[in-house]
Amino acid sequence: MKYLRYLLIALPLMVYFRWSDPESGWAFLTAALSILPLAGYMGHATEELAEHMGPKLGGFLNATFGNATELIIALFALKAGHLEVVKASIIGSIIGNILLVLGLSVLVGGLLHGVQRFCTETAKINATTLLLAVIAMLVPSLFMHYHSAVDGASVKLSVGVSVILLLVYAAVLYFGFRHAGARAGALTGSGKDVQQGPQQGNHGEGWSKRKALAVLVISTIAVALASEVLVGSLEHTVATLGWPEAFIGIILIPIIGNAAEHSSAVLMAAKNQIEVATEIAIGSSIQIALFVAPLLVLAGLIFGQPMTMVFNEFELVAMVLSVWIAKSISKDGETNWLEGLMLLATYAIVAIGFAFA
Amino acid sequence: MKYLRYLLIALPLMVYFRWSDPESGWAFLTAALSILPLAGYMGHATEELAEHMGPKLGGFLNATFGNATELIIALFALKAGHLEVVKASIIGSIIGNILLVLGLSVLVGGLLHGVQRFCTETAKINATTLLLAVIAMLVPSLFMHYHSAVDGASVKLSVGVSVILLLVYAAVLYFGFRHAGARAGALTGSGKDVQQGPQQGNHGEGWSKRKALAVLVISTIAVALASEVLVGSLEHTVATLGWPEAFIGIILIPIIGNAAEHSSAVLMAAKNQIEVATEIAIGSSIQIALFVAPLLVLAGLIFGQPMTMVFNEFELVAMVLSVWIAKSISKDGETNWLEGLMLLATYAIVAIGFAFA
Amino acid sequence: MKYLRYLLIALPLMVYFRWSDPESGWAFLTAALSILPLAGYMGHATEELAEHMGPKLGGFLNATFGNATELIIALFALKAGHLEVVKASIIGSIIGNILLVLGLSVLVGGLLHGVQRFCTETAKINATTLLLAVIAMLVPSLFMHYHSAVDGASVKLSVGVSVILLLVYAAVLYFGFRHAGARAGALTGSGKDVQQGPQQGNHGEGWSKRKALAVLVISTIAVALASEVLVGSLEHTVATLGWPEAFIGIILIPIIGNAAEHSSAVLMAAKNQIEVATEIAIGSSIQIALFVAPLLVLAGLIFGQPMTMVFNEFELVAMVLSVWIAKSISKDGETNWLEGLMLLATYAIVAIGFAFA
């Protein structure tokens, strides 16, 4: 986080390229680089603001803004009609959080601290929620693949599934607030603060409500600007670099949108707080699946860009297997470096697959 | 159960429609409504009779007649050549028991009693048995999808798999009798009675052997009659309502055939006996997969309606994922309302998928 | 093992058929029969030699030569261009170890000793490793099935995945040496010796280093010779018997190559050492997936027989489900005869599927 802030220098460069050469690879690169620290500020401001608003409203804020960067990028990409990129970035965020972030956290934590332990109860709720999300995302795809129905039905089905997912998300949040009490669980994000409490060093003395709100507003506007540039230069960059759009959606955008969050999960693992790291990684995946993805489907209706939840088999199988291996590793509440390495190896194999596709 | 008996009024109406307008939607509706209480009487009479026959023979009776209603409906549908409806109803019964019945039980139980606990040992055997059943049902389908073989081979393969499944069913029953002793396990159904023992209120003072036998015979004949009407009016009703046959097979028939059983599972959960509820739901799924389905394949040979175990991918994936989420929820021996809600949400999503197909 | 040695009589017969009628079914049969005891001698000599070389080098030797017989047969088949047989034998070895060997061990052990228990920690690492291997083997296949890319890309992808798998294999070995200490884990094979220690009866007094080396060299040469005959007579035998090549690859070759290992796993289970039996079965599967399969892909490059890791769906689904049911059975660290029977029933169902294909 501390070092990421130097990347803010990319922001003015991006503004320059936006006007001089908006479709160039340079615009894409500088936009991508600016988003890294901006997303960090957004996340931090959200947490600070949440602290001023009490556990319930604050937890709700965390649960809503936790993946705001991905949501903003995806909204711009959706508006510009890059439906495949949006869908790929949903899958990529889920896989990236499960395999890359969790893998790095478990590897680093395991190397520094040997076997690390965490509560299996939260892990189980998270695993089941993730599984439900995966099932929900499979249904419209299967429907399309095996029934070759008209596209309109597929959109209707996706909207129906999205509404159910948003209701489940509300129930999961309510369950977290109600039952988990102080250690408010993965989605509300307040777990991070509670447990970061003793090492407030990197928090300073806490921001005032006014400062937190100001930083949140400014960084959100800046992220939106950068997202617009990123999406605007996407097509040209894809053509120049020769990378497939799916690769950018699956691998690149999730890393850009989550870098700040990723680094804080790994940092937590390095401090022997593997439980917080796990909650950030899995909680973020759940949020993407149960909140961001359905929201994008509904936003697609408004934007006149009807988006379905129909993914290709490779994406779906990669997602199902990621969830499976994560469940397999987390279910006993113990992790070691070999398990982290295995998650990363799985990510590498899947990434190679997408790169070749 | 108590309230279901008022639906018996549909029985004379059905008889009327059977002669006046046998293919109408009214015949279908009254047949469906009559089956609800009749299935309840059949199930209850089976249990009462089982009590008079000692644990072994009684358990065997329960294990054989436990899903008699579905079996009878399916036999009539099979004879009439509605192979797709029969196959869909097999999948639908398995999914419905796992997602709808277990989901409702866990939700109601969790809302009334907080976290509920049950023995993980039985749960594990059940989960593994269910998994084997799923694998068995996948093999003929995969064989057909990827080898596009002649249909005769597919029937032969299904018969071979059916014989193996029936042998496994026998072994599972034997294991239940031998090892589980008094609390005889999911399939023999005697678990229900043992644990219902203290609240015999809804049992009355127990029926005499003669009464139990008489009720069993009469209700079985009535169910057979109603099944015949139901199947006879199926085609016309499908055409009138515009619902796909698969939807009727997957969603409607399993609910009709299992309503009595379903309500008793939910009732048990409401009485904080989640273990009994789980055994009814999962045990019924296992019985369908290991006993009813193979029996139907063999019956198909006799009826000259060679039925395969080839299901479509959507059905198979829905079944695999249902088993997965049920295993994920049951493996720690604890349930809460959120898990019940998730099972129900999964059912809703799958049902929407089938409705659109 | 003791009785297998009488099969050595097939060796001179094979040499005779090799010169008189090298493509006949007799050459195939005698070659297959000779491999059974030869593989046993190879395995035993490897273990004896390993004992003379200290735990680390010895463990490495076990980990490298543990599946030498399959590797040699596969190399000859690869060189002769029987790519489908090679790939089928990889899948068949993995499935066979998980379902047939583990199933027989659990069944026999359960019948003789009731419920058997083993350490869940090793089981978990093994399960996760196996899962990673399965994911790795799925990726190139999915890539090919859904992207219909040029074959060159598929080979490149397979090579990339193979390199990652070999690195993971090295990490798994290192983890085993480092963390598991004395009870060195499934892959290094020394677990067998440690626990066989007290019943050295069947080991004699241990072989000298010279004797172990001599037996290893001679039996390896003999296995190579027999493998050449086996592969050379393969095509003719397939044509004569009318069995599909896939069936020979999936079912027959793995049984031939593993018979000695299989019998020692079942023997261990019969001696109430289910943990050793499990480690032999699962460890062997992992070794095939993480070491033998990638090695064969790389060897294909050298032989000018570019082999991919692209398997058909039936093989992949069978493998995924085998791993799933094995995980389901092993995760609680307890086994009983019913679980063994279920593994065997699954094997029978899968074998029927392959036989019909």
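Glycine is treated like the rest: Cβ placed from N, Cα and C.
Bear in mind that TrEMBL entries carry predicted annotations, made automatically and left uncurated.
Quick caveat, the model's predicted, so the values are computed rather than measured.
For B:26-45 (among others), the entry in TrEMBL reads transmembrane segment. Residues 1, 4-8, 10-11, 13-14, 17-18, 65-66, 68-69, 73, 207, 212-213, 215-216, 219-220, 222-223, 226-227, 229-230, 232-234, 236-237, 252, 256-261, 263-264 of the same chain, all 6+ positions outside the transmembrane segment (B:26-45), place their C-beta atoms under 8 angstroms from a C-beta of that stretch.
TrEMBL lists B:26-175 (among others) with the feature domain 'Sodium/calcium exchanger membrane region'.
Listed as Cβ neighbours of the transmembrane segment (B:57-78) (distance under 8 Å, sequence separation of 6 or more from its ends, same chain) are residues 35, 38-39, 42-43, 46-47, 49-51, 85-86, 89-90, 93, 173, 176-177, 184, 187-190, 216, 220, 223-224, 227-228, 230-231, 234, 253-254, 256-258, 283-284, 287-288, 291-292, 295-296, 299-300, 303, 305, 307. Annotation comment: TrEMBL describes B:57-78 (among others) as transmembrane segment.
Under the heading transmembrane segment, TrEMBL lists B:90-113 (among others).
Tertiary proximity for the transmembrane segment (B:125-145) is limited to same-chain residues at least six positions away from its ends with a CB under 8 Å from its CB atoms, namely 94, 98, 153-154, 157-158, 161, 164-165, 168, 172, 175, 185-186, 278-279, 282-283, 285-286, 289-290, 293, 308-313, 316, 319-320, 323, 326-327, 330-331. Residues or ranges marked as transmembrane segment by TrEMBL: B:125-145 (among others).
Under the heading transmembrane segment, TrEMBL lists B:157-177 (among others).
As annotated by TrEMBL, transmembrane segment applies to B:212-234 (among others). Beyond the transmembrane segment (B:212-234), the same-chain residues lying 6 or more positions past its ends with a Cβ under 8 Å from any Cβ of the stretch are 11, 14-15, 17-18, 22-25, 27-28, 30-32, 34-35, 38-39, 41-42, 44-46, 48-49, 52, 65, 68-69, 72-73, 75-77, 80, 82, 85, 245, 248, 256.
Taken from TrEMBL, the feature domain 'Sodium/calcium exchanger membrane region' applies to B:212-352 (among others).
The transmembrane segment annotation in TrEMBL covers B:246-268 (among others). Sequence-distant neighbours of the transmembrane segment (B:246-268) (same chain, 6+ residues past either end, Cβ-Cβ under 8 Å): 1, 4, 32, 35-37, 39-40, 43-44, 67, 69-70, 73, 84-89, 91-93, 95-97, 100-102, 104-105, 108, 192, 195-196, 230, 234, 237-238, 274, 276-277, 280-281, 284, 315, 351, 354-355, 357.
The feature transmembrane segment is assigned by TrEMBL to B:280-303 (among others). Through the fold, the transmembrane segment (B:280-303) approaches residues 63-64, 66-67, 70-71, 74-75, 78-79, 83, 86, 90, 93-94, 97-98, 101-102, 105, 123, 126-127, 129-130, 133-134, 136-137, 155, 158-159, 161-163, 165-166, 168-169, 172, 185-187, 189, 192, 258, 261, 264-265, 268, 309, 326, 330 of its own chain, all at least 6 residues removed from its boundaries and within a Cβ separation under 8 Å.
According to TrEMBL, the transmembrane segment annotation covers B:338-356 (among others). Panel annotation: around the transmembrane segment (B:338-356), residues 95-96, 98-100, 102-110, 243-244, 246-247, 250-251, 314, 318, 321-322, 325-326, 329 of the same chain, lying at least six beyond its termini, place a Cβ under 8 Å from a Cβ of the stretch.
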DSSP says what for the domain 'Sodium/calcium exchanger membrane region' (B:26-175): how many helix, strand, coil residues?
-> 135 helix, 2 strand, 13 coil
Could you give the number of helix, strand and coil residues in the domain 'Sodium/calcium exchanger membrane region' (B:212-352) as assigned by DSSP?
-> 119 helix, 2 strand, 20 coil
